[in-house]
Structures are given as C-alpha cells and as structure tokens.
Amino acid sequence: MNTGDKAKSQAVPASGDIDQQALFFHRYPRPGKLEIQPTKPLGNQRDLALAYSPGVAAPCLAIKDNPETAADFTARANLVAVVSNGTAVLGLGNIGPLASKPVMEGKAVLFKKFAGIDVFDIEIDAPTVDRMVDVISALEPTFGGINLEDIKAPECFEVERRLREKMEIPVFHDDQHGTAIIVAAAVLNGLELAGKDIAEAKIVASGAGAAALACLNLLVTLGARRENIWVHDIEGLVYKGREALMDEWKAVYAQESDNRVLADSIGGADVFLGLSAAGVLKPELLARMAEKPLIMALANPTPEIMPEVARAARPDAMICTGRSDFPNQVNNVLCFPHIFRGALDCGARTINEEMKMAAVRAIAGLAREEPSDVAARAYSGETPVFGPDYLIPSPFDQRLILRIAPAVAKAAAESGVATRPIQDFDAYLDKLNRFVFRSGFIMKPVFAAAKNAAKNRVIFAEGEDERVLRAAQVLLEEGTAKPILIGRPQIIETRLRRYGLRIRPDVDFEVVNPEGDPRYRDYVDDYFALVGRLGVIPEAARTIVRTNTTVIGALAVKRGEADALICGVEGRYSRHLRDVSQIIGKRSGVLDFSALSLLISQRGATFFTDTYVSFSPSAEEIAQTTVMAANEIRRFGITPRAALVSHSNFGSRDSESAFKMRTALQLVRELAPDLEVDGEMHGDSAISEVLRQRVMPDSTLNGEANLLVFPNLDAANITLGVVKTMTDSLHVGPILLGSALPAHILSPSVTSRGVVNMAALAVVESSHPV
C-alpha cells in the first residue's frame with residue numbers, strides 16, 4: 001500500500017460524476033473490495049505449529065483417508081469460485097479477464113454479504129470452451145461450488161454442460177439461471193394476480209441470449225407450453241427453417257409461422273420477456289397485448305420500455321425491470337447467494353431443476369408475505385404490499401436466505417444429490433437465523449423463557465410506529481407476548497393496511513387510545529398523586545396524560561394493567577427516563593437507574609454499563625450497577641465475567657477515578673462474592689487474558705471479560721459507539737436496570753427486530769423478577 005493512500009478517507013466524495021466516485025471507492029483506503037482473514041488464532045508458536053507444520057499433517061491424512069472430511073477440516077464447504085473469462089461483462093461486452101476483475105470481486109462480496117459464503121474470484125485467460133473446461137474442472141479440489149460469470153453465448157451453454165457432467169460440485173451460470181429463477185417467480189405471481197394459467201399464457205421474448213433462453217426453459221418447466229412461446233432476436237422471429245444466427249438451444253423455440261417481426265407476434269401476449277435492447281417495446285405494441293399484461297423489460301441500463309411509458313400506454317400493466325429505481329427489480333442477488341448457501345450446506349453435487357424450482361417457489365411465496373422493515377427501508381420507507389408493484393421481494397429482504405436456502409437443501413435431498421443431507425431443518429433454520437439476525441443465538445434463552453410466559457402483556461408507548469407494528473406481529477406469531485399498543489385506532493389500522501400486516505386491533509392485540517380511553521380520569525388522578533408535588537399542576541397533568549404516551553404506558557404498568565413497558569422509539573432518552581422514574585420508580589434499595597448495552601460482534605457478546613444514565617456514579621452506585629448487570633446477563637444463559645475498567649491498571653494510578661473503581665471492586669465482592677470480577681484495569685487487559693496475566697498473574701478474572709463496567713457515562717457511551725461502528729456490531733438494548741417494574745427505553749435507531757428482542761426480555765423480567 002502506498003503511504004499516501006493510508007491518509008485517504010474511506011468516505012467517497014459527494015462531488016464528481018459516478019465514474020470518479022467509483023474509482024475513488026475502489027482505490028481507497030486499499031485497492032479492491034476483498035481481503036483474506038484467518039479464522040484461527042496465530043498468536044504464538046503453539047498456534048503456528050497447529051496451523052502449519054507439524055500439526056497440519058493430521059487433517060491432511062484424515063482427508064486422504066476420507067475425502068468427505070475436507071468439509072470438517074478446511075474451508076472448502078463454504079468456498080465458491082467466481083470464474084470468468086471476461087467475454088460478456090454486463091454493459092461492457094468482451095473486455096477480457098483482467099478488466100473483468102472488479103466485477104468478479106463485486107460478485108464475491110455479494111456472496112459474503114448476503115449469505116456468508118467465502119469466494120475467490122478467478123479470472124482466466126481462456127477464450128475457448130476446451131480451455132475453460134480444462135482450467136475450471138481442475139479447481140474441483142479447492143472449491144465447494146463454481147459460479148460461472150460473464151461468459152458469452154453460446155459458449156457458456158457448452159461450458160456449463162460439460163462442467164456439470166465432469167464435476168461433483170455445483171456449477172451454476174448465474175447470468176442464465178439466476179435471472180431465470182427471479183423471472184419465473186415474477187411470472188408466477190404476475191399471472192396469479194391477473195388470474196391466468198401459465199399453461200395458456202402467450203409469452204413473447206425479445207432477446208435469445210443465455211439469460212433469455214434460460215428464462216424460457218424454466219418457464220417451460222413451470223408449465224408454459226413451447227407452442228405459446230415466440231422468440232425474437234436481432235434477426236427477427238426464431239422460426240423453423242431460419243439459418244441466420246441459429247443454434248441448437250435457440251432452435252427448440254422455432255415456430256412454424258409467417259410472422260417475422262415483434263409487431264407480428266405481440267398481439268394478445270400475456271407476458272413480454274425483454275432481454276435485448278432499449279426501446280424495443282413501443283407503446284403501440286404494448287397496447288395490443290392481452291388484459292393485465294406482464295412486462296419484463298430487463299435490458300440494462302435502459303429497459304425495452306420505460307415504466308412510466310408503459311403505464312401511460314397500459315395502466316393495467318405489471319412491469320419489472322433490472323433497475324433499482326423502479327419497483328420489481330430483477331436483481332440476481334435475490335437468489336444466487338441463497339441457492340449456493342443451501343447447496344453448500346447439504347453438500348450438493350449439482351444444482352438441478354428441482355433445486356431451481358424450489359428457489360422459484362420460495363421467492364414467489366415470500367413476495368406474498370408481509371415485507372420486513374429492512375425491505376421497507378430499501379423502498380424509501382414506502383412499504384410495498386403484494387400486488388402489481390410488488391411481484392418479487394426486495395434484494396435486501398433478510399428473509400430471502402431463510403426461505404430459499406432450506407428449500408434448496410430440501411430439494412437437493414429429495415432429488416438425491418445431497419451428500420450431507422440436513423437432518424434437522426429446525427436447527428438449520430436456527431443457524432440461518434443467527435446469520436441474519438446476529439442476536440438470534442444470544443437471545444435464544446430469552447425467547448425460550450418468554451414463550452413460557454407469553455400471556456404477559458407488554459405495552460408499547462409508540463404504538464403507531466412501523467417498527468412497533470411489525471414487532472407486534474412477530475411477537476404474536478412467535479407466541480412471545482400479548483402486545484398492547486398506545487395510539488390512535490384509525491392511524492394504527494391505516495398503517496397496518498399500508499404495511500400489509502395481518503394483525504387486527506382489538507382482536508389480536510389491545511389498543512389504548514390516548515384521545516378517548518375511558519380510564520382517562522383515573523389515569524389523571526393517579527398521575528397527579530405521583531407528581532403533584534413535583535411542580536405539575538392538575539391542568540398540566542390532564543394534558544400530559546392525554547398526550548404523553550410514555551406516561552400512559554408507565555401508568556398502565558403501575559396500575560397492573562400491563563406487565564412491562566417499551567418506549568423510546570421516538571424522542572430523547574432523558575425525557576422517557578424522567579417519566580419512568582416518576583411513575584414506576586426505582587426498585588427498593590436501588591440507588592439509581594443505570595443502563596446495560598449488549599454488542600454482538602464476530603468475536604461474541606460483550607456487555608457495557610452504564611451507557612445512558614449516570615454521568616458520574618459513585619463507587620456504591622457502580623458496585624450496585626455491576627451486580628444488577630451481572631444478574632441481567634444470566635437471563636441470556638451467559639456466565640458474567642466483569643471487569644471494572646479505568647485509565648489505571650491494577651493500582652498504577654492514584655487518581656480519584658481510579659480510587660473510585662478500586663473501592664467499587666471491594667463493594668462488588670461484598671455484594672456478590674460468587675461473581676467473577678476484577679479491576680481496576682485497562683480496557684485491553686479486560687479483553688486479553690495474556691496482557692492481564694503479565695501485570696496481574698493472580699487476577700480473579702479468567703478469560704475474556706464479557707461485562708465492561710465504566711467509571712462514568714462519557715467513557716461508557718463513547719466506547720459503546722466507537723466499538724459498535726468499528727466492529728459492525730449489533731446493538732441490543734439499552735436495558736434499563738433498577739426499575740421497580742419492567743420498563744425499557746430504546747433508541748430511535750432501533751429496528752423492529754430490536755423491539756422484539758427487548759419486548760421478549762421485558763416479558764422474562766416480568767415473570768422472573770430479580
């Protein structure tokens with residue numbers, strides 16, 4: 001790396017055209033988009049001896065004796081090769097293997113981002129079919145699967161066919177089959193909305209390259225009839241007897257007809273499949289198509305007809321493009337990472353038609369479900385509902401892997417190509433959930449306990465918020481809690497319809513209407529009794545109880561009409577804490593509230609306290625917070641190991657802060673003699689046992705601390721934010737400690753999954769108070 005590059009910022013400059021921004025993005029802070037990271041420690045001589053000579057001989061011999069154990073001892077079962085010769089790079093054509101490398105690196109990071117699959121991009125100087133087959137097939141010992149990319153037709157057909165015959169691992173040409181799978185899912189859903197049978201549907205295609213023919217082949221597998229398919233390319237209709245630009249794959253769709261141009265064939269068509277060139281489908285041609293036509297205009301960057309032009313010509317049309325700025329984007333990332341995930345996990349020898357069909361039906365089915373909040377954000381906050389503008393899911397819908405990978409793995413087993421069939425699909429789905437929702441594994445004990453107390457009522461102060469509405473549906477579906485939502489009924493009902501959610505107010509969950517609840521006067525009286533001597537006059541109390549939903553929720557918990565409160569999705573933390581403090585109050589003996597935050601990173605779970613409440617807690621407050629935090633951590637099925645962190649390392653400094661932490665340690669040991677705790681210590685000593693042993697060999701803390709206790713709010717909150725951002729960690733919390741009754745104040749950045757997590761924790765707290 002050039003030394004000058006080190007100083008370059010990661011941020012892409014906002015000014016300049018897209019090309020300049022892309023060049024900057026690819027060059028800084030280090031060239032390219034990939035790196036290799038070790039998955040085993042290499043910190044000492046012993047590690048080196050195990051990773052390499054002499055220890056590495058043991059797995060080598062095990063694999064020699066039983067080749068299937070390569071999946072146990074190497075990364076092969078999670079490693080895919082993205083292979084290209086650069087002869088048909090999207091939008092660029094035949095630019096050669098070296099120039100195609102940025103595209104292949106991009107494909108690699110998509111595999112990793114969306115499915116956790118490791119990839120080597122391999123660009124080969126192999127212009128002929130024979131050369132490609134020889135080179136790629138020789139890679140079989142290294143990889144668990146091969147993704148062919150950007151190889152021109154018709155060579156790509158022959159390369160894939162021969163490799164599939166020769167290799168015992170999946171070989172998948174994504175340009176063909178990825179596009180075909182998504183197109184097939186869109187066609188299934190589009191025809192269903194139009195009330196049409198695929199066996200009777202007339203399909204007109206513009207384009208006869210690899211992707212177009214793969215789409216048509218898969219539609220035939222779904223039930224379309226070849227006699228109803230009319231294929232056009234640059235030479236016009238593919239008809240029987242035509243000689244120009246014909247090949248064996250195209251010939252199967254040759255029609256016995258005098259039609260020659262698109263205008264001859266388009267009349268009465270139910271589906272237009274475009275994988276050709278911009279502007280091919282004219283408005284006057286679209287006007288001649290059947291009722292409720294499905295338009296797949298997939299030419300990039302400009303489709304065969306622009307959606308707004310198509311809508312003007314045919315308001316009843318359903319339109320898919322390859323562009324992200326229009327609904328129904330046909331983007332291969334919808335499927336290829338998840339198909340490979342399922343294929344790799346069951347040790348599939350190939351990706352067959354049954355597996356592709358399973359993926360089609362999984363994608364089509366997901367579009368009929370309620371979209372996730374992540375998918376909604378991908379649509380600029382407008383939540384799509386299954387219909388003409390939402391035939392296929394967003395590529396960012398996190399549930400894709402949860403639907404596609406198990407379906408593919410199951411189809412592989414049923415069709416006899418899985419070498420390691422998945423025996424327990426519930427456990428497999430749980431594993432995938434942990435990849436999608438990194439909180440899944442850590443939260444599992446909490447959810448298990450919550451389901452045993454699912455009758456418990458959780459009241460949500462911001463009941464009109466989309467994230468809360470989505471969380472309420474998840475809680476009801478999973479049997480975790482009985483939600484009570486504070487909000488205006490008409491707003492809640494409108495938003496439930498907008499977001500496509502099935503839950504029904506006053507049937508599935510209770511609604512507390514702040515504008516007209518019959519308990520209003522009782523709530524006002526109770527509130528005034530609590531705060532009347534805190535400067536709140538009766539008139540103000542009436543206004544607050546009508547307008548402050550956190551106050552309403554806290555009163556409901558105080559009165560026993562709810563078991564736990566969730567608030568803070570909107571507004572400042574301090575305001576919500578004031579209301580909770582005034583109404584619910586602190587648990588007996590608790591000196592002050594405090595907040596516990598959980599970060600889940602690649603290295604595991606780490607808890608931080610106090611991250612939100614006390615600016616400069618006393619030694620007594622720190623000690624009490626440590627014990628409360630340790631008790632809370634045990635709810636996760638985790639044994640707490642606490643480190644009281646400081647700028648001082650086991651007495652190295654005599655500052656007021658260091659003395660406070662030393663005093664807190666003695667108090668913690670008196671309050672909780674069984675708790676594994678030590679301090680005061682540096683942050684790196686808390687994490688690294690090696691460093692800690694150097695300065696304090698007889699430390700009472702073993703291994704890596706999972707609870708970091710800070711001397712003040714600045715240190716805790718700043719560390720939390722820095723670590724969260726630098727490690728791309730998932731934040732669970734903040735968890736409010738010390739309240740008399742279960743109540744948690746979230747942050748405005750929380751996701752619906754975060755709301756679900758905290759609601760489940762609140763249910764457990766209400767059933768098993770400390």
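Placement of Cβ uses the backbone N, Cα and C atoms for every residue, glycine included.
Feature annotations, reproduced from Swiss-Prot:
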- 1-440: region 'Malic enzyme' (REGION)
- LYS107: active site, proton acceptor (ACT_SITE)
- GLU149, ASP150: divalent metal cation binding site (BINDING)
- ASP175, ASN300: NAD(+) binding site (BINDING)
- 441-770: region 'Phosphate acetyltransferase' (REGION)
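On the structure: features taken from Swiss-Prot.
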residue: LYS107; record: active site, proton acceptor; DSSP class: helix
residue: GLU149; record: divalent metal cation binding site; DSSP class: coil
residue: ASP175; record: NAD(+) binding site; DSSP class: helix
residue: ASN300; record: NAD(+) binding site; DSSP class: coil
Students should find that the Cα atoms of ASP175 (NAD(+) binding site) and GLU149 (divalent metal cation binding site) sit apart, in Å rounded to an integer, by 6
At the level of the C-alpha atoms, what whole-angstrom distance separates ASN300 (NAD(+) binding site) and ASP150 (divalent metal cation binding site)?
14
Rounded mean pLDDT within the region 'Malic enzyme' (1-440) lands at 88
Same chain, |i - j| six or more, Cβ under 8 Å of GLU149 (divalent metal cation binding site); the result in sequence order is VAL82, VAL83, SER84, VAL103, MET104, LYS107, HIS173, ASP174, ASP175
I'd like to know which of these binding-site residues, ASP175, ASN300, is least surrounded, judged by other CB atoms within 10 A.
ASN300
Report the same-chain neighbours of ASP150 (divalent metal cation binding site): residues 6+ apart in sequence with Cβ closer than 8 Å to its Cβ, ordered by sequence.
SER84, ASN85, GLY86, THR87, ALA88, VAL89, LEU90, SER100, VAL103, MET104, ASP175
Relative to the Cβ position of LYS107 (active site, proton acceptor), how many further Cβ atoms are located within 10 Å?
23
